[in-house]
């Protein structure tokens, strides 16, 4: 819906979603004020029901085409015309498109005959787009799953173990803790958890940056140049996000209480950046009709994989006696898997540039270029 600013607008939406975690410190204050937990959850559920009803009522009757789809501008123009005709919507657009295509042909009297049967028959478009199975099995989607599952596990484990980590930094590996030191640890944990919750608002202010990176230099380019530029921008976005994740993992290994404020900031940035970069990548390289399903599938698989944080958390509380150093070290090593996706995007971008150069030198290569989809899946025709 937003043309060359789609990734920027998407990052704003994801930033608002990520920063909504700031409501939990507010709920904590409401609970401490005396409101029962049951009342808070019932109110929260009521708001969720309102969101569901809003989505159900405002369900669009017709799909919204992306700017890259064929005859997008013509379709928008035709929809603005108030024409008195019994055929409306997509059927009217299909009929007018068929009429225009037939009038543009010459030398075939049969094609110039416009019958009423065309009003109900769909127009067969030239070329084909990848199926959902091809998009789901493409290297870009599979490598993005590796990046997203790893990042989700990393940031969710940090959220789960943050209180115990702060408590361990205050108390250390002591067994018999004095009462005053234990009271000081409880106060510190409450303070740091509140600061962490308030810092979630930073997602709203930092996410547009990664959206700007994804939309860099997208104006005034042809389709082939846009595809290459999209891959370039996505590579930069994922490399930058993974570098932040590595720095975040290194800071988690340092036993310094004040340094944890920096880990809070990096955590919020990575949390918003990774979703914005992944959403922008899907919007850039996959058909618009697959965007929602691929995003949902990726979210589902990432959430299932993130359940591993439970045994990791129990390992910290049990055998590791509250020290999460070895778990954080293992997750830091695992974080380097996030560079697989930008590495593949870089290789695929070079392949596209070579094909483009070969196409300019040999026009016969145009057929191969047209059959190669932007998600890296080579079309197979029966």
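From the backbone N, Cα and C atoms, a Cβ is placed for every residue, glycine too.
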Annotated range (TrEMBL: region 'Disordered') out of 343-362, 363-382:
363-382
When TrEMBL is consulted, the range among 165-190, 191-216 described as transmembrane segment turns out to be 191-216
As TrEMBL has it, region 'Disordered' corresponds, among 47-74, 75-102, 103-130, to residues 103-130
For the transmembrane segment (191-216), could you work out the same-chain residues 6 or more beyond its ends whose Cβ comes under 8 Å from its Cβ atoms?
4-12, 14-16, 18-22, 24-25, 28, 162-163, 166, 229-230, 233-234, 236-237, 240-241, 260-261, 264-265, 267-269, 271-273, 276-277, 280-281, 284
With the greatest number of Cβ pairs under 8 Å to the transmembrane segment (237-258), the stretch among 37-57, 264-284, 325-347 is 325-347
Six or more residues beyond either end and a Cβ under 8 Å away: which residues meet both conditions relative to the transmembrane segment (325-347)?
139-140, 143-144, 146-147, 150-151, 153-154, 157, 161, 231, 234-235, 238-239, 241-242, 245-246, 249-250, 252-253, 312, 315-316
Going along the chain, which residues at least six beyond the ends of the transmembrane segment (37-57) come within the CB cut-off of under 8 Å?
27, 30-31
